Amino acid sequence: KELILKKAREVCTCNHQTIITFFCQLFPVLDWLPRYNVKTQLLGDVISGLLVGVVAIPQSISYSLLANQDPIYGIYTNFFCNIIYVAMATSRHNFVGSFGVLCLMIGQSVNRHLQLAGYSNDNAGSSLVGNSTSSSNGTGACDRSCYAITVALSLSFLVGLYQILLGVLHLGFVAVYLSEPLLSGFVTGSSLTIITSQMKYLLGLKIPRHEGVGSFILTWVDLFRYIQNTNICDLVTSLVALAIIVPVKEINDWYKEKMKAPFPIELLVVIVATVISYYFDFEERYKSAVCGDIPTGFRKPTLPDINLFSSLAVDALPIAVIGFAMTVSLAEIFGKKHGYAVRANQEMIAIGMCNLIPSFFYCFASSAALTKTLLKESTGTQTQVSGLITSLVLLLVLLWIAPLFYSLQTSILGVVTIVNLRGGLRKFRDTPHMWQLSKLDTVVWWTTMLSSTLITTEIGLLVGVCFALLCVIFRMQRPRATLLGKVSNTEIYEDQSTYKQLSSIANIKIFRFESSLYYANKEYFKTVLYQKTGVNPILLAAKHQRVEAQANAHTGNSKSFFGTRFDCLKQAKKRAEKPPADACPSSIDMHTLILDCGAMQFIDTVGLSVLKETHHDYKDIGVRVLLANCNPSIRHRLREG
């Protein structure tokens with residue numbers, strides 16, 4: 001009781017210093033901004049912020065299409081998230097905004113709710129009507145586009161709430177279950193799904209957006225079924241854009257160390273394509289799909305639709321997990337590279353706030369974006385001030401430039417989205433090297449990738465996590481077990497199957513079990529122990545009993561015969577000499593078994609029972625069992641048990 005009260009007083013102490021510390025931890029900008037060096041840091045932040053802002057403009061619009069939203073909402077998302085992240089982040093390099101994988105998951109959830117509300121798939125480009133997004137039943141002033149953003153902002157609110165709760169409760173350890181092969185496979189599988197969803201824009205086809213299991217295959221079936229309806233103008237535009245963007249981005253990658261900044265080819269292509277589409281009137285002449293009216297300025301804040309929370313609660317969970325996993329992992333990577341500390345739980349709270357607060361301003365869920373974070377780091381950013389510069393660039397678009405993108409073809413947006421997924425597709429080239437390093441990790445990668453592609457992204461993530469955990473359990477349930485031999489003229493003992501010229505000690509066998517001993521691997525422990533030592537004490541004891549039973553059955557024999565048989569059994573137990581084959585089981589070649597417990601971290605009650613059984617069984621056949629290299633916790637458990 002006194003200890004609890006003491007700890008409670010320490011935590012709950014409230015004075016001037018603790019209040020300042022609390023706010024500095026919650027808003028790290030209060031800590032680093034007063035120490036900001038304008039002379040050495042401002043130039044790098046301004047250049048990086050401008051370049052990232054230029055790249056973010058076309059990606060914001062294209063990712064809106066992926067999230068099943070109007071283009072303006074992608075710009076809103078990147079604008080608001082950057083401002084909030086600047087104030088609350090411990091990472092100096094992360095860029096928070098629209099991320100392709102999250103946009104795909106958001107789009108799937110939004111499309112599912114649009115179908116439930118009775119909206120058709122043919123009105124994907126419908127513009128906003130009015131300023132109200134409070135209606136959630138598909139009637140009144142809220143049209144399809146309005147209902148889509150209502151679903152998205154409600155989803156963003158729940159995602160932010162989940163992430164803040166995880167951060168406040170210090171549950172950042174959840175991210176450790178998303179291993180690197182699992183995340184890599186998930187991103188690659190999602191990239192394939194995104195490319196599939198964007199193909200209809202590149203071809204100018206109007207096909208329904210499939211959801212659920214098998215949507216990847218069904219979409220490709222529809223693409224080939226309606227391929228004769230391809231819009232030639234969209235197809236040619238897409239091919240020309242790909243032929244220009246891909247080589248230039250490859251050149252940017254090859255010479256990124258020599259170039260001060262990558263060439264903004266995406267923005268240039270978007271501008272040129274918009275001008276050409278406007279002057280040649282692609283919309284009317286060739287029936288090309290275009291962005292349409294993009295409003296300027298900001299809209300009045302709104303509240304998420306509480307009625308949607310129950311149906312969105314499950315959809316928000318995987319988005320929240322993937323969002324904070326990407327944000328924390330990128331923050332830790334660049335923090336380690338540049339030598340500063342990153343607090344994982346604070347990053348979770350920061351990204352949660354970046355989803356919770358912007359949900360009132362018509363934004364969808366976001367996370368750290370890989371490509372823009374890499375660009376930010378490579379162009380010399382020093383602090384999160386560069387995020388404010390990026391927000392200023394997006395503010396210009398929101399206030400004045402946005403309507404100029406009216407004639408921008410959606411096929412160009414699809415190309416921009418696909419080109420930025422090259423990193424995920426390049427992971428295929430790494431799989432042979434991964435197979436050489438770890439076959440099990442490679443199987444986790446392929447399992448997650450295929451399930452994310454062929455089933456659904458959410459189920460694919462769940463399958464990947466479960467399979468990865470099963471692999472861990474499998475490794476612990478069937479660990480490596482060896483017999484040890486002695487290196488000549490030393491006190492070093494190594495694996496006899498790995499090292500040559502090891503000497504064995506006569507009648508002594510040393511067995512190493514390279515895992516903790518607990519309920520899940522108890523049977524494997526006994527099986528491999530009997531296999532390696534070549535002695536199964538249970539079978540040997542059974543033979544003894546059978547021989548004794550046969551001896552007792554011959555009641556007509558003389559007393560001297562019984563005495564001889566008893567002497568034989570006694571000799572077998574002591575392993576002094578080999579008894580006759582018809583009378584006694586064959587002798588064994590050891591009198592002592594040493595169990596090397598150096599690799600055992602813990603032993604549970606079942607493991608303790610197994611050690612007791614092993615000791616008892618070998619004792620019955622005259623073999624002594626010793627334990628070596630036990631750590632203090634295991635010795636304590638052995639004494640208690």
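Placement of Cβ uses the backbone N, Cα and C atoms for every residue, glycine included.
Going by TrEMBL, these are the annotated features:
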- 498-641: domain 'STAS' (DOMAIN)
- 42-61: transmembrane segment (TRANSMEM)
- 73-90: transmembrane segment (TRANSMEM)
- 146-176: transmembrane segment (TRANSMEM)
- 182-203: transmembrane segment (TRANSMEM)
- 232-249: transmembrane segment (TRANSMEM)
- 261-280: transmembrane segment (TRANSMEM)
- 308-328: transmembrane segment (TRANSMEM)
- 348-365: transmembrane segment (TRANSMEM)
- 385-406: transmembrane segment (TRANSMEM)
- 443-474: transmembrane segment (TRANSMEM)
Message: Please report, as numbers and ranges, the same-chain residues at least 6 past the borders of the transmembrane segment (73-90) whose CB is under 8 Å from any CB of it.
response: 26-29, 56-57, 59-64, 67, 96-98, 149, 152, 298, 331, 335, 341-343, 346-347, 349-351, 353-355, 357-358, 361-364, 366, 384-385, 387-388, 390-391, 394-395, 397-398, 402
Message: Is it the case that the transmembrane segment (348-365) and the transmembrane segment (385-406) touch, counting contact as three or more CB pairs under 8 Å in which the residues of each pair are 6 or more positions apart?
response: no
Field: Intrachain residues whose Cβ lies under 8 Å of the transmembrane segment (443-474), provided they are six or more past its termini
entry: 101, 104-105, 108, 177-179, 181-182, 184-186, 188-190, 192-193, 211-217, 315, 318, 321-322, 427, 431, 434, 520
Field: Distant-in-sequence neighbours of the transmembrane segment (42-61), which means Cβ under 8 A and at least six residues beyond its ends
entry: 71, 74-75, 77-78, 95, 97-98, 261-262, 264, 266-267, 269-270, 291, 369, 371-372, 375-376, 379-383, 385-394, 397, 405, 408, 413, 416-417, 420
- prompt: When you scan the chain for residues with a C-beta under 8 Å from the transmembrane segment (182-203), skipping those not six or more beyond its ends, what do you find?
  reply: 65-66, 100-101, 104-105, 107, 209, 215-216, 219-220, 223, 227, 230-231, 234-235, 238, 289, 322, 325-326, 329, 410-411, 413-415, 417-418, 421, 424-425, 427-428, 444-453, 457, 460-461, 464-465, 468
